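Trainee: Take this structure, written in structure tokens, and hold onto it; I'll ask about it next.
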Amino acid sequence: MPQLVALLLVLLVDSLVAPHFYQVILQDGRLFGSPIDILNRAAPVALLAIGMTLVIATGGIDLSVGAVMAIAGATTAAMTVAGHSLPVVLLAALGSGILAGLWNGILVAILKIQPFVATLILMVAGRGVAQLITSGQIVTFNSPELSWFGSGSLLLFPTPVIIALLTLVVFWLLTRKTALGMFIEAVGINIRAAKNAGVNTRIIVMLTYVLSGLCAAIAGIIVTADIRGADANNAGLWLELDAILAVVIGGGSLMGGRFNLLLSVVGALIIQA
């Protein structure tokens with residue numbers, strides 16, 4: 001796989017520039033070091049890339065994932081400050097991402113608007129929605145339970161890394177152990193032929209945008225939890241470009257068709273390394 005070779009070459013260059021690049025230490029029950037920092041920084045982009053991979057595989061594109069991150073982050077911070085419990089906050093934030101994805105899916109699959117234009121609408125308007133949620137302020141909070149999702153650790157690794165890994169596993173099982181992956185690829189290769197074969201192409205396309213919105217919401221929660229606040233203007237800014245680049249580096253075609261979630265995540269690692 002050329003992507004893995006590229007990642008190894010980038011890491012080799014990093015090690016030449018920084019002699020102690022591969023040094024990893026265990027402190028306070030958590031691993032620290034440059035490789036761990038790369039994994040931690042790559043987690044939000046990897047999450048976006050997972051959802052973006054499915055959208056691009058159908059022949060679409062989602063330019064709104066950065067704005068959806070801002071909406072989910074604003075929802076997380078605002079509800080935490082309002083005193084809601086952690087499960088309610090997380091469900092509301094994830095729900096906001098799902099609704100955003102559903103909106104994009106309806107525009108693309110039902111109203112037949114070009115994906116670039118349809119998602120550009122939310123890309124622009126989404127930050128305004130996030131500003132409304134936060135009343136135009138940078139909302140900060142002090143919740144150790146929520147902060148754990150952004151700056152905590154689990155099984156020696158940073159929590160965002162574990163969340164991204166679990167998301168990758170779930171999406172891989174969803175697309176490779178069920179017919180969903182085959183349907184997505186069929187839509188991307190030839191949507192008319194897929195429809196004639198009995199595939200509900202509208203539902204498949206809408207589902208990919210919903211899943212992309214869900215991934216963006218998870219990334220938004222992580223970023224917000226890490227900085228213990230929500231900045232509607234800057235949260236996830238231009239990360240949609242990183243996500244698209246990660247998919248392309250991973251071998252995904254912008255024309256749609258076959259996809260590989262693992263290689264998209266490798267693409268995110270290459271960008272961050």
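A Cβ is built for glycine as well, from the same backbone N, Cα and C atoms used for every other residue.
Pulled these from TrEMBL:
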- 88-109: transmembrane segment (TRANSMEM)
- 116-134: transmembrane segment (TRANSMEM)
- 154-174: transmembrane segment (TRANSMEM)
- 203-223: transmembrane segment (TRANSMEM)
- 243-271: transmembrane segment (TRANSMEM)
Trainee: Are there residues at least 6 beyond the ends of the transmembrane segment (154-174) whose Cβ is under 8 Å from a Cβ of it, and what are they?
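Mentor: For the transmembrane segment (154-174), the far contacts come to 26, 29-31, 36, 39-40, 42-44, 46-47, 50, 54, 148, 180-181, 211, 215, 218, 222, 226, 261-262, 265.
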Trainee: What stretch of 88-109, 116-134, 243-271 shows the most Cβ pairs under 8 Å to the transmembrane segment (203-223)?
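Mentor: The stretch with the most contacts is 88-109.
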Trainee: Are there residues at least six beyond either end of the transmembrane segment (116-134) with Cβ under 8 Å to its Cβ atoms? List them, or say none.
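Mentor: Contacts with the transmembrane segment (116-134): 61-64, 66-68, 70-71, 73-75, 77-78, 100, 103-104, 107-108, 230, 232-233, 235, 240.
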